[in-house]
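Some features that TrEMBL has for this protein:
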type	residues	note
BINDING	G272, E315, P316, G317, R318, Y420	pyridoxal 5'-phosphate binding site
BINDING	R318, R359, Y363, E391, Y420	substrate binding site
DOMAIN	78-321	domain 'Orn/DAP/Arg decarboxylase 2 N-terminal'
MOD_RES	K90	N6-(pyridoxal phosphate)lysine
REGION	1-27	region 'Disordered'
Amino acid sequence: MSHSHNDIQPAFPAPEPDGSMAGPWSHTVRRENGELRVGGVKVSQLVAAYGTPLYVIDEEDFRTRARRWVVAMNTSFADLAGARVFYACKALMSVGIARWVLEDGLALDTCSEGEFVTALAAGAKGHDIGLHGNNKSEREIMMALEHNISHMVVDSMAELRLVERIAENLGKRANIVLRVTAGVHAGGHEFISTAHEDQKFGLSIQAGQAWEAAQATVASPHLELVGLHSHIGSQILSVDAFSVAAQAVLDLRACIHNELACTVPELDLGGGYGIRYTGADATPPEPEAYAELLATVVRAHGEKTGIAHPLVSIEPGRSIVGPAGLTLYTVGTTKNVQLDDTHSRRYVSVDGGMSDNIRPALYDAQYTVAVANREARGEGTLSRVVGKHCESGDIVVHNVELPADVTAGDILATPATGAYGRVMASNYNMLSRPGVVAVHDGSSRVLIRRETVADQLALDADYQA
Ligand SMILES: *Cc1c(COP(=O)(O)O)cnc(C)c1O
């Protein structure tokens, strides 16, 4: 949903944390004696120990969500050919996070050398790792083959040929999952079904590219067709979109079975499960609902065609780490702008902004925010939380009702910033990227330390200390 930046309404205060898994706050967030606690740690303690801006990941919330996907999928697919959950590392990655994910029984979806090396550093073995990307480097492909990874998701015919050549040189057989486009695009509540595919990802089923790639994979002595993959979008709140896409990919799998005498073992249905960012967002479907729906589609297709059921994989990212994270900021300056005769907007500036959360500027993403360090009093005031960058689009929260007494030195918390925050952070205006801290059971520890100006200058070849 897109709001004009100059909308006067709607503005609601952030919902109070309620201990639920429905978001936007992680489920251990509580307000006690006026102050927010997360993972049993007071925000004032976090700010004193680590400074702001700060990304805080609620370990228990993250791991509860991760395990919930595993249990939901294992339960729904128990009488079929089983399921696997890959955590989409791009949403937030560190060695510590990859360790949680592995301990909780998930595999890791990587899409670059950096994510791959981090997965290995966390102790992942080849069979725990998938590799994505529409333009993998030769080095990334070699690395994947040398570690005998679970599968490589191949995006185009050109890439298939490249992988084949590298596999042949290394004397390996590459496990290939073909990423296909099923003509389903989703995001939010709506999805569209189109035959025409005008995007960089995937081999079109409709245009015959998927079929051609399947034939080439089956025919090659250096390639093994282990799966078909479909990823239909992000922040999807409609279960039906997944069902339509799964159906299309199962139909392709049936054609491959019937005409190429190959029963593709795995079906990977991607990620994109939506979360709640603000109080205005609907509660998203639960993992159990998605798992049951996907199992129903797969079961019915198997009964209709008589073909052996596939192992079904999914790749959630945001739905695991998004609600598990919040960002803490310190308030600096404030000012009022008169919008018309009756309305004014309070601009509340914080010590971060588009360098730690680009999503409002990039996608017009909506967030909410609450005063975290104290019970705020004073009448609700239409407010806009903005950053400290040299850019008027540097907005953290477009419209929120904040108490009129918010002032310099207050701590603000933005919920649901665990996904696509730190990983999309930049050094714009040479701000140093904030650290990531995990909280659990009353204690905190650093997952990724705060960057310093010295870190930035260390890359500057002309800098002399
Ligand atoms: C981005 C992406 C994901 C994860 O998406 P979320 O919205 O974070 O769940 C999974 N698979 C693929 C192929 C992706 O590109």
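Every residue gets a Cβ built from N, Cα and C, even glycine.
Any TrEMBL annotation is an automated prediction that lacks curation.
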Quiz item: Out of these binding-site residues, Y363, Y420, which one has the fewest other C-beta atoms within 10 Å of its own C-beta?
Solution: Y363
Quiz item: Of all the recorded positions given, namely K90, G272, P316, G317, which is spatially nearest to E391 (substrate binding site) at the Cα level?
Solution: K90
Quiz item: Among all the protein chains here, how many other CB atoms are within 10 A of the CB of R318 (pyridoxal 5'-phosphate binding site)?
Solution: 23
Exercise. Could you find out if DSSP has G317 (pyridoxal 5'-phosphate binding site) as helix, strand or coil?
Key: coil
Quiz item: Those binding-site residues, E315, R318, R359, Y363, E391, Y420: which ones have a Cβ sitting under 6 Å from ligand 1?
Solution: E315, R318
Quiz item: How far is it from G272 (pyridoxal 5'-phosphate binding site) to Y363 (substrate binding site), counting Cα to Cα, in Å?
Solution: 15
Practice problem: Measuring CB to CB from P316 (pyridoxal 5'-phosphate binding site), give everything in the same chain under 8 Å that is also at least six residues away in sequence. | Solution: W69, V85, Y87, A88, G271, Y273, P287
Quiz prompt | Residue from K90, E315, G317, R318, Y420 whose C-alpha is spatially nearest that of R359 (substrate binding site), among the recorded positions | solution = Y420
Quiz prompt | Mean per-residue pLDDT computed across the domain 'Orn/DAP/Arg decarboxylase 2 N-terminal' (78-321) | solution = 95
Practice problem: Starting from each candidate's C-beta and looking 10 angstroms out, tell me which of the binding-site residues E315, E391 has the most other C-beta atoms. | Solution: E315
Self-check item: CB contacts for G317 (pyridoxal 5'-phosphate binding site) [other CB atoms within 10 A, all chains]
Solution: 24
Quiz item: What does DSSP say about Y363 (substrate binding site): helix, strand or coil?
Solution: helix
Quiz item: Residues near the pyridoxal 5'-phosphate site, G272, E315, P316, G317, R318, Y420 excluded, by Cβ within 8 Å of the Cβ center?
Solution: A88, K90, A91, S234, G271, Y273, S319, I320, G322, A419
Practice problem: Between K90 (N6-(pyridoxal phosphate)lysine) and Y420 (pyridoxal 5'-phosphate binding site), find the distance joining the two CA atoms and give it rounded to the nearest Å. | Solution: 7
Quiz item: Of K90, G272, the recorded positions given in the record, which has the fewest other CB atoms within 10 A of its CB?
Solution: K90
Quiz item: G317 (pyridoxal 5'-phosphate binding site) to Y363 (substrate binding site): how many Å between their Cα atoms?
Solution: 18
